[in-house]
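Structure record follows, encoded as structure tokens.
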Amino acid sequence: MRNNTSVLGGLKEVLFFLTLCPLSSRCQKYAHMRQSQLGDSGPYYTSVLWWSGVVLMGLGELGNFAAYGFAPASLIAPLGCVSVIASAVISVVFLKETLRASDIVGGALAVVGTYLLVTFAPHTSTHITAHLVQRYAVSWQFLIYLFLEVIVFSILLYLYKRRNIKHITIVMLLVALLASLTVISVKAVSGMITESIKGDLQLTYPIFYVMVVVMVASCAFQIKFLNQAMKVFAATEVVPINFVFFTASAITAGIVFYQEFQGLALLNILMFLFGCLLSFIGVFLIARDRPKIKTENITFIAMGKIPGNYILLLQQIEMDESI
């Protein structure tokens, strides 16, 4: 078990890396805007500022991926609201967007929620080894959870594909159900790589590569469904609903698979859930009815084409589309 000091110390790095993704998207957006204003018809990838954004995004994704190796998944996932806050702040300061009252209220609620999350979340994390992942994967609670998830996913996919029911809740639930597998696999892969770096080699076990396949496949299908949602529904709907569903799914996965709430006091659990609620409301207020920047003839990079961990890539896509 990792102690409180190591987990809390690592959270400082997590919060730092979470601000890199919105900063990277703003760098890329500003590069496109400046290119348009200067009448430059050259390709956007010749801009140093644009490449700076790509590098920042890569660092952010790498840091977020590493975070799952030492901190509980139920704590890392809700902290995604930090990216939303950072994106709104950067947009106001650097892109000169209007600061709205809902931004201030939403930001304040999200900050308070983040404080409660960090304070009352589980502060110990188990060293993730191949034997531990194998044991968790065949536990009765996870097998029941996986069975129910497959049934619900199949029903939703049937309604979405066969019955052609394109309700936003159905699409976002499909993304969230896949996200639970992503969180489980990302934490397993990150944890086993961390242990291998420390000298306890875990990469020779088949379960490591099984988790890599699950991680890649679930990420790919999440991005597919998310892009479909962005084409059909307004970003002001997709962003907050996806954040709530994804966070709830990630917390559930952490509780069921990694048993992260085991031994946690009832007060801690209630305050943690209250912190999640405040973060959800804050994200709703920040993402609601955001003004769009009017630009002409700008070809933005397709964020879905950039490889990397879906957990941070998702945050980037959301805020690019919502602002």
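The backbone N, Cα and C atoms fix where each Cβ goes, and this holds for glycine too.
Per TrEMBL, transmembrane segment is recorded for 44-69, 75-95, 104-122, 142-160, 167-186, 206-226, 238-258, 264-287.
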> Considering pairs 6 or more residues apart, do the transmembrane segment (75-95) and the transmembrane segment (264-287) have at least three CB pairs under 8 Å?
Replying inline: yes
> Honestly, do the transmembrane segment (104-122) and the transmembrane segment (264-287) touch, with at least three Cβ pairs under 8 Å and pairs 6 or more apart in sequence?
Replying inline: yes
